[in-house]
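*Asks:* Pasting a structure here, questions to come.
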Amino acid sequence: MATKYGAVAIKNDADDINKSRAIEMPDNSAPKCRDPIFAILFIAHLAGMLAMGILHGSFESADSVETELDDDELESAADVLKLIALPCAAFAFIMSLITTAFIIPINTEFVVKASVLSWLCVSIGIMITAAIEIQSYWSFAATGPLVLLSIYYVYRVWYLIPFAAVNLKVALKGMSANWGIYLIATGFTFVTFLWIVGWFYVFNGFLQNHKEISQDAGCFDADGNLNSEDVGCEMDSDDVAQYLGIMFLFLVSLYWTIKVIFNAIRVTVAGVMATWCFDAADASSCCSNAVTSSIARAIILSLGSICFGSLLEAIISALRTIAEMAKAREDADGNKCDAGSILLCILTCILNLLEDIIEYFNQWAYVYVGIYGTSYLESGKRVMDLFRDRGWTALFTTDLASHVLGATTVVVGILSGLLGMAIDSATDKIGVDGYWDSFFVGLIVGLFITHVMMNVIMGAINTVIVCFADAPEKLDDNHPALTQEMAQVWVKIFPECGADELVGKGPKYQAVV
């Protein structure tokens with residue numbers, strides 16, 4: 001029975017006795033809105049922020065001085081945008097596309113090995129340089145074990161490089177065939193910047209119109225120390241708690257929206273990549289049906305699931321920020337070893353760890369949301385099944401691939417900076433400190449564009465692992481050569497997984513998870 005579920009129609013072979021584990025589809029697998037209550041809460045939250053912006057929004061501060069840009073400054077800014085930023089952005093996009101579509105796939109395994117070794121050399125160089133600069137016994141004592149640990153890490157994961165390389169190769173082919181997803185991801189990222197500006201507009205205006213909750217100038221000195229004995233201080237502990245409580249709510253709003261946007265990109269990427277794996281004819285052009293339908297599913301049917309997981313991330317991130325603010329004030333007296341500083345340091349470390357765990361968990365959960373359209377909790381259960389069956393191999397795979405994508409980002413960023421210098425040299429209209437200012441503009445723009453594209457590929461790699469684990473026969477129907485290559489590598493890494501039946505065999509395959 002063909003079931004329309006999430007990204008593609010997949011045959012439900014649960015009754016096939018030749019399969020050790022088939023894709024199990026629930027009875028209510030027709031597309032529908034998942035976790036709708038969280039989508040409603042998110043939309044209501046945005047409506048509330050909009051209302052507050054209309055009532056209180058402002059960019060002005062109490063002690064701000066009005067300044068106006070003259071015509072020359074406006075013209076200079078326009079020249080930087082027109083002559084440097086836009087050309088460098090286009091260059092970075094084209095170079096990243098060429099690199100990922102044509103250069104890296106030539107010999108993906110070699111590229112992964114080279115990038116891992118480069119990372120090792122750079123890391124060791126930085127550690128040794130830092131130890132020499134610090135010139136402390138403890139710095140040299142710590143550098144040795146760290147260097148050995150880095151070398152041991154590379155040694156232990158070296159055998160996984162072919163596995164990471166083949167998954168990267170498949171992901172690159174899928175994303176290159178549907179490169180319109182890069183444009184969507186870039187557009188979503190610009191929306192994030194607009195949201196940050198809008199959030200600041202609301203937050204700043206709210207504080208200016210409710211000074212009684214933000215008048216900490218009389219209670220804290222210039223160094224951030226509590227001035228509890230100052231008769232001019234009107235804030236007591238309840239006032240500080242109220243201020244931090246309101247700050248927490250605003251931070252949740254900030255992080256929640258940012259993470260919803262980023263996770264929407266992840267869900268869209270998973271839908272596009274899964275469609276390419278399972279229905280190649282529907283995902284073979286820039287703005288294919290896979291791209292348009294995946295973005296529609298992400299922002300309509302799966303919005304609730306995205307908001308659910310993003311809210312959990314946002315709460316932890318907001319708590320971590322509040323803890324860091326409290327720690328900064330506690331450390332302002334210069335004593336970082338008192339009980340308060342130590343406790344806040346421990347709390348900050350715990351929250352950082354929780355934030356990283358939830359972030360990593362969610363990046364896999366949203367792969368299942370994008371492929372199958374499952375709810376957030378159901379997707380989380382499938383993530384736990386994946387790690388139960390495959391351990392931490394998926395973690396090492398994405399980590400190894402990240403070295404390649406990180407190196408690509410740096411190289412394209414530097415080339416974009418050099419292009420900015422060349423444009424400045426040719427026009428002689430922008431640079432004021434030699435050509436370095438144009439280089440840094442081009443560098444930042446290039447890093448931004450390339451980083452967004454590399455994040456898309458990272459999400460595609462995760463999707464490839466899930467698709468091959470869940471439905472290798474569907475992948476083989478659409479991409480037989482790549483499937484054979486993946487099967488050969490999987491058999492070497494997981495001899496017990498059953499993928500050996502994929503290698504040079506007929507149409508019946510054993511699921512690999």
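Each Cβ is built from the backbone N, Cα and C atoms, and glycine gets one as well.
Found this in TrEMBL, in case it helps:
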TRANSMEM  37-59  transmembrane segment
TRANSMEM  84-104  transmembrane segment
TRANSMEM  116-138  transmembrane segment
TRANSMEM  180-202  transmembrane segment
TRANSMEM  240-258  transmembrane segment
TRANSMEM  400-423  transmembrane segment
TRANSMEM  443-469  transmembrane segment
*Asks:* For the transmembrane segment (84-104), name the stretch out of 116-138, 180-202, 240-258, 443-469 with the most CB-CB pairs under 8 Å.
*Replies:* 443-469
*Asks:* Among 37-59, 116-138, 180-202, 443-469, which stretch has the highest count of C-beta pairs below 8 Å with the transmembrane segment (400-423)?
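*Replies:* Looking at each of 37-59, 116-138, 180-202, 443-469 in turn, the most contacts to the transmembrane segment (400-423) are made by 443-469.
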*Asks:* Can you name the far-off residues of the same chain, 6+ from the ends of the transmembrane segment (37-59), with a Cβ under 8 Å from a Cβ of it?
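*Replies:* Contacts of the transmembrane segment (37-59) (Cβ under 8 Å, skipping residues fewer than 6 from its ends): 198-202, 204-206, 208-210, 253, 256-257, 260, 303-305, 307-308, 311.
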